[in-house]
Amino acid sequence: MAKVTVLGTGMVGASFAYRLLNSGLASEMLLVDANHMRAEGEMMDLNHAMPFEHPCQVEVGDYADIKGSEVVVISAGAAQRPGETRLDLVQRNAAIFRDMIPQVAKAAPEAIMVIATNPVDIMTQAAIKYSEFAPERVVGSGTILDTARFRYLLGEYYGVDPRSVHAYIIGEHGDSEVPAFSCASIAGVPLADVAKQLGKEYDLNDMEDIFQQVRTAAYEIINRKGSTYYAIASGLLRVTEAILRDQSTAFSVSNVMTGQYGIKDVCLSLPMVVSRKGITATLTLPLNEKELEGFRHSAQVLGELAAKTL
Ligand code: NAD
């Protein structure tokens, strides 16, 4: 049984902690937050769920207590306010990571870090740099949430369970993200053919509308309820499960490019295989020209920001 640290127990961290308790994956859970009282409140609330849940030792602590954690899930830092982009958070959260990450790496040199703090691609690159971990041991949550939104909406459109939809959002987790429509399928059948087989039209305007809903989902939710947390918490739980259970699952997580489509030294999302060792493989999709151009644009946006910030 595993020890998992939740670093940052705001809306995302607390939602993840609750999913982790429900899952029974961890025997020990450490909550760390600059706001100690908030972490304590979450611990108390989680402990009171214990008679209904799996046994788990939940504690609140400091960086040194992270020792022995197999996975450290990081969602500490500022979140978007209405009208802000993810990239607007970069200075505030880079400063937090500069201070926080070396302390995490010192306390738990064997851990796998999973990063959710935005802008997540830059924060993943920051975590790799400031921890001096091998890049594969730092898993950025990247576009897992965008991919989930994409699959959900395509599933609704075609009337199929989203778990039978194979489709990825790649590139930046943010405004320049790219829908890989040309590689999307339902049960291996390309979307245009699926439409025919299901007696529907393959309408490019509808597909564009679905992508716009994916791209603007965070803004729409933040305008309505302040922040987004349940879906990312479920995604973080799946990534944590893939690590702890050594499942070699493909997720669109973020890590440093090493020559994919000629791109290097910038963190972006592509489908990557996640196991007990972290990221063990990065897969390239057979993209069309427009998608490739979009992916290169994401690389340029993030590369420039990383160079200015880190
Ligand atoms: P929140 O404001 O509710 O929580 C942030 C927490 O971080 C707070 O409890 C705060 O006390 C803590 N914190 C701040 N500085 C800290 C430090 N130096 N050390 C320890 N803790 C510190 O925000 P939230 O809604 O939970 O969002 C957290 C982050 O996750 C944001 O950056 C947000 O943009 C991001 N997010 C990412 C995704 C994704 O898909 N990757 C989805 C939703 C939110």
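Quick reminder: no glycine exception, Cβ is built from N, Cα and C everywhere.
Here TrEMBL flags HIS173 as active site, proton acceptor. In the shown protein chains, 34 other C-beta atoms lie within 10 A of the C-beta of HIS173 (active site, proton acceptor). According to its DSSP assignment, HIS173 (active site, proton acceptor) is coil.
Residues or ranges marked as NAD(+) binding site by TrEMBL: 8-13, ASP33, ARG38, TYR63, 77-78, ASN93, 116-118, SER141. Residue environment of ALA116 (NAD(+) binding site) contains 29 other Cβ atoms, counted within 10 Å of its Cβ in all protein chains.
Counting only same-chain residues six or more apart in sequence, the Cβ atoms lying under 8 angstroms from the Cβ of ASN118 (NAD(+) binding site) belong to GLY77, ALA79, GLN80, ARG86, LEU89, ASN93, HIS173, GLY174. For GLN80, ARG86, ASN118, PRO119, VAL120, ASP121, ASP146, THR147, ALA148, ARG149, THR228, the entry in TrEMBL reads substrate binding site.
As annotated by TrEMBL, beta-D-fructose 1,6-bisphosphate binding site applies to ARG151, HIS166. Under the three-state DSSP scheme, ARG151 (beta-D-fructose 1,6-bisphosphate binding site) falls in the helix class. Taking a C-beta cut-off of under 8 Å and a sequence gap of six or more, ARG151 (beta-D-fructose 1,6-bisphosphate binding site) has these contacts in its own chain: PRO162, ARG163, VAL165, ALA167.
Here the domain 'Lactate/malate dehydrogenase N-terminal' (3-140) has a mean pLDDT of 97 out of 100. Taken from TrEMBL, the feature domain 'Lactate/malate dehydrogenase N-terminal' covers 3-140.
As annotated by TrEMBL, domain 'Lactate/malate dehydrogenase C-terminal' applies to 143-303.
Among the features that TrEMBL reports, phosphotyrosine is placed at TYR219. Within the same chain, the residues at least 6 positions away from TYR219 (phosphotyrosine) whose Cβ sits under 8 Å from its Cβ are PRO82, listed in sequence order.
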Number of Cβ atoms other than its own within 10 Å, given for GLN80 (substrate binding site)
19
Select the closest residue to ASP33 (NAD(+) binding site) from the following binding-site residues, measuring between CA atoms: VAL120, ASP146, ALA148.
VAL120
Long-range same-chain neighbours of GLY8 (NAD(+) binding site), Cβ under 8 Å, sequence gap at least 6?
VAL32, ASP33, ILE74, SER75, ALA76, GLY77, ALA116, THR117
Listed substrate-binding residues GLN80, ARG86, ASN118, PRO119, VAL120, ASP121, ASP146, THR147, ALA148, ARG149, THR228 - what's their greatest C-alpha to C-alpha distance in Å?
20
Counting other C-beta atoms within 10 angstroms, the emptiest spot among the binding-site residues VAL12, ALA78, VAL120 is ALA78
The domain 'Lactate/malate dehydrogenase N-terminal' (3-140), counted residue by residue under DSSP: helix, strand, coil:
70 helix, 27 strand, 41 coil
